[in-house]
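Feature annotation from TrEMBL assigns domain 'CAAX prenyl protease 2/Lysostaphin resistance protein A-like' to 168-258. The feature transmembrane segment is assigned by TrEMBL to 34-53, 65-86, 106-127, 139-158, 170-188, 200-217, 223-243, 250-269.
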Amino acid sequence: MWGVLAASLFFLPFNRLLAWLILAASAAMGLYHGMLTPLSLGYLLVIAALAWLRYHFHAIRHLAITVETLLVASCLALFLHLVPGIHNPLMINGEKTGPLSPPFTLYYHFDKALVPFLLFACLPTLFSADSGQRVGKAGWIALLISMVALLLLAVTLGRLKIELHTPSWLLQYAMANLFFTCMAEEALFRGYLQQRLSQWLSAWPALIITALIFGTAHLAGGMWMVMFATLTGLIYGLAWMWSGRLWVPTLFHFGLNLAHLLFFTFPWYQQP
């Protein structure tokens with residue numbers, strides 16, 4: 001079912017109807033396998049109806065604002081795994097990528113994967129917007145170099161160590177991280193929040209505020225993680241601001257995570 005769910009997200013920017021049909025199929029499979037309950041399925045049907053209302057009745061301002069508020073609140077509930085009856089399966093349990101890395105655990109998150117669907121109903125330009133910002137090749141090269149510099153900064157601060165590995169679960173991780181983590185997070189923070197803030201304020205304040213909120217969302221990892229996530233949030237935000245395409249910050253996000261897994265202690269350095 002997870003390949004089906006990933007396929008629904010892949011098709012979402014190109015064919016909304018097909019993506020929703022594939023999502024419905026994955027939800028039916030989730031119900032069959034016990035990952036969804038009738039209660040959670042009922043909740044998902046309600047928010048799907050809200051998404052339909054927001055998309056088709058966007059011209060009715062008061063209704064659109066009310067429904068969008070409910071949908072964004074639902075996105076936060078899904079992100080925080082607060083919706084009852086969604087049983088996200090444990091896929092990787094306490095695996096060590098190397099001798100200097102702590103045990104790593106990975107869940108596949110059905111709930112987070114729903115976020116781009118809801119936000120796309122709120123904001124038709126979620127995946128493609130007129131950014132109004134243009135940079136040359138030098139800007140993009142600098143952005144790529146800055147990602148490498150951040151990882152090396154973490155090494156300098158003692159939070160990571162260089163450690164090469166290709167774990168047996170690499171493909172499992174890559175699919176989940178690309179679609180259920182990076183795409184979902186970039187849809188919320190860059191595609192929706194930064195874009196909405198840039199409409200109300202301007203591009204640069206929106207970039208900074210969104211990066212700070214993105215960093216704060218990683219508070220559970222400690223203050224160093226907040227700092228690291230804030231800096232990466234600036235990189236992803238610039239990638240969105242310069243391109244206006246959600247897939248660009250999504251690939252930056254995924255590329256950083258994949259490089260972290262392949263070339264450094266993962267998810268951090270654990271002293272022997």
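Including glycine, each Cβ sits where the backbone N, Cα and C put it.
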Count the Cβ pairs between the transmembrane segment (34-53) and the transmembrane segment (250-269) that lie under 8 angstroms and are 6 or more residues apart in sequence, then report whether there are at least 3.
no
Taking all residues of the domain 'CAAX prenyl protease 2/Lysostaphin resistance protein A-like' (168-258) together, what is their mean pLDDT?
96
Near the transmembrane segment (106-127), which same-chain residues lie under 8 Å Cβ to Cβ, leaving out any that are not at least 6 residues past its ends?
2, 5, 8-9, 12-13, 16, 19-20, 23, 26, 30, 35-36, 44, 47, 50-52, 54-55, 68, 71-72, 74-75, 78-79, 81, 83, 86, 88-92, 169, 172-173, 176, 179-181, 183-185, 187-188, 191-192, 195-196, 245-247
Which listed range (139-158, 200-217, 250-269) shows the maximal number of Cβ pairs under 8 Å with respect to the transmembrane segment (170-188)?
250-269
Can you tell me how the residues of the domain 'CAAX prenyl protease 2/Lysostaphin resistance protein A-like' (168-258) break down into helix, strand and coil by DSSP?
81 helix, 1 strand, 9 coil
